[in-house]
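Some notes on the structure that comes next.
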Amino acid sequence: MVTKALSIDLFAQVFFFFFFFSFPPVLNALYKRGVVRAGSPLRASGAVMALAAPVCLLLLSLRALGGESRYLEEHDITPEGLFSLLNSELKRELSEQFVYRRSLRCLDMLVMEGQFTFTADRPQLNCAAFFIGEPNEVISIEYNAVNIDCAGGDFIKMFDGWVLKGEKFPSSQDHPFPLYERYVDYCETGSTRRIVRSSQNVAMIFFRIHGAGSGFTITVTKLINPFPCNVISQSPEGSFTMVIPQQHKNCSFSIIYPVEIQIGELSLGHLNDFPLKRSVSGCAGAGDFVELLGGNGVDTSKMFPMADLCYSFNGPAQMKIGCDNTVVRMVSSGKFINRVTFQYRLLHRHELEKLKGNNVEDFCFME
């Protein structure tokens, strides 16, 4: 019996763009096809076919402020620029006993399961690793071996979500746990909590190690989430169905690209007993609705409302949003089963230029 797994290192080309006060523009080059090299070792028995799958990811340069940085709430890690990691990872048929292993970099992005080891060759004071899975997955991180000096200022902290430019995804309004519970410090809980798990398809760790030769090993696995809530898309195009089954919560689907959103179906439970009036601002008064947001950060509470939808319909209804980040956000009262199905695709350069010419706003554009 064989299973599909990822079996090669990430080959990344990292480009530095130093912008100090704005979220950098989205790069135009988003895909690059990977090809199996001649003579590559295949770990499965028998003949195996490798499939190249383009994965478009964001990686941000992080700079921690000076001081002890004991609490990340006080010392948010801020990107100085946008990295674009353009890579292709080959999916191969591997024996189920195979475990993918590689070293962890001080600044890293991981999309695969496996075992990762970081060993400091010199003081590494401002490091972070981002983890991302498919929309219906959550991230599980297990500490296998840790050799750091907590008393000397070393730390490893897992964050349930991502911190980008000082903003957090999911926002405090959308995440099920308060902010202080989303940080898990190994130095405080490592003896009793060896496994930490995210609430959505993204997670990250911050770590600081002073001594050469010190480090740690973690195992990353992905678990299925039957009702995904709060997602960052790996790709600038795709489709998704968001369902909130009678739960009082908010869910966001974030696409960190300028895209066209096409909503195919929206089902809100209050259809039959809530007046469908749009005379008030947005969907004020509606306990169940969907909103489209745009902006240049990742905190949905700081983004701009592009459209509010507080009635059920069968689409299509579409909108082009020329922002660095586009979000479909559903607010649910918990009284009904709410559902929205949508597709999205990357806007072409000529579409972005047209949007810019037709709008006066300078933060992003819509049509």
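Just so you know, glycine gets a Cβ as well, placed from its N, Cα and C.
Of the listed cysteines Cys106, Cys150, TrEMBL assigns the disulfide bond with Cys127 to Cys106. Distance from the CA of Cys251 (disulfide bond) to the CA of Cys283 (disulfide bond) is 16 Å. Of all the disulfide-bonded residues listed here (Cys187, Cys229, Cys283, Cys323), it is Cys187 whose C-beta has the fewest other C-beta atoms within 10 angstroms. A separation of roughly 28 Å, to the nearest angstrom, links the Cα atoms of Cys127 (disulfide bond) and Cys323 (disulfide bond). Between Cys229 (disulfide bond) and Cys310 (disulfide bond), the C-alpha separation comes to 19 Å.
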